[in-house]
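Trainee: Annotations per Swiss-Prot:
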BINDING   ALA6, MET7, SER8, GLY9, GLY10, VAL11, ASP12, SER13, LEU32, GLY125  ATP binding site
ACT_SITE  CYS101  active site, nucleophile
DISULFID  CYS101-CYS199  disulfide bond
SITE      HIS126  site 'Interaction with tRNA'
ACT_SITE  CYS199  active site, cysteine persulfide intermediate
SITE      GLN352  site 'Interaction with tRNA'
Amino acid sequence: MRVLAAMSGGVDSAVAAARAVEAGHDVVGVHLALSRMPGTLRTGSRGCCTIEDSRDAWRACDVLGIPYYVWDFSERFKEDVVQDFIDEYAAGRTPNPCMRCNERIKFAALLEKAIALGFDAVCTGHYAKVITDADGNPELHRAADWAKDQSYVLGVLTHEQLKHSMFPLADTPSKAEVRAEAERRGLSVANKPDSHDICFIPDGDTAGWLAEKIEMTTGDIVDEAGTKVGEHPGANAFTVGQRRGLKLGTPAADGKPRFVLEIRPKENKVVVGPEALLAIDEIRGIKVSWAGLPIAEVATGDEFDCHAQVRAHGDPVPATARMERLTDDDGAERTNLVVTLATPLRGVAPGQTVVLYQGSRVLGQATIDTARSLQRAAL
């Protein structure tokens, strides 16, 4: 099988490519140049996609004896990931750029080009598993190492994309084993640190970066009753659940800290309140997609049991979900996902992604439109 190995320059993608070669596939390595911005390309940057990463990817391919190419996807990345990130924050939502990159770059643009060039699959170093059912249909599942599992950020993959995806690290019990294997194979990235920052914000200062991209205007911080309790330098720099950076001139009556409950970009207001008000047990999602073929209840509209996860390394909680068909004022029909949580979650923000699981299987995902407490709504 002809396999295109996406080489990030890290240890995971290097070992994944090595295993693909060892399995007898015809492997070609490619590194994606995703940015021309000096901040992400300079030596010493903490994000990914740096000059050092490109060199590390080349060295790994050289050790493995496979061809190496660099593909420039910087313009598409800027439009589909970076600009989307800016637009979402400007609208008062909290996006996940890694999911957007997987959805539109690594498993859309990259896979499309790979298929056009005659490759059968794209191989990455993600910790996730593709299982083929009895009818030959792919299913996305968690990796053996749940501590490193990345199935959440792959929940955006479609049935067709999963058919052409290869995750050689699926059954690896730990990251330590991956590093040990890299050492045995003579790969120089064996002890390279993991990258945790947003790649286009390498210094980790998201608020500072956004301040350069979005016009920030001073506005009011109000409590849940609408009373002004402070001022902010720009509502777009905040997210639901945040406490740090709030400059409150009026302390809470009970003396307890307050957290961001809501962002109102049109009013340029940040709503704050006690931590207890962050708890939600109903999520309504838009832009719904299914990882593989959807389960039967999706077509019938029946409620189904599942687990819901709202962060890449968050704990999944028991839930029920159903599809809700709505008609807009202009007569257009749309379908939303309604998720009811058995255990309330805190700090869930519009723009985040909810991913649904049954056991280890990823069912699908949706972008969170609203999140609320059914118990408080009933009062």
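Heads up, the Cβ atoms here are built off N, Cα and C, so glycines get one too.
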Trainee: Rank the recorded positions ALA6, CYS101 by the number of other Cβ atoms within 10 Å of each Cβ, and give the residue at the low end.
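Mentor: Comparing Cβ neighbour counts within 10 Å for the recorded positions ALA6, CYS101 gives ALA6.
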Trainee: Report the nearest neighbour of GLY10 (ATP binding site) in space among the recorded positions CYS101, HIS126, CYS199, GLN352, comparing Cα positions.
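Mentor: Result: the closest of the recorded positions to GLY10 (ATP binding site) is HIS126.
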Trainee: In three-state terms from DSSP, label ASP12 (ATP binding site) for me.
Mentor: helix
Trainee: According to DSSP, does LEU32 (ATP binding site) fall in a helix, a strand, or coil?
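Mentor: It is in a strand.
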Trainee: Where the distance is taken from Cα to Cα, which of the recorded positions SER8, ASP12, LEU32, CYS101 turns out closest to HIS126 (site 'Interaction with tRNA')?
Mentor: ASP12
Trainee: Whole-number answer please: how many Å between the C-alpha atoms of CYS199 (disulfide bond) and ALA6 (ATP binding site)?
Mentor: 16
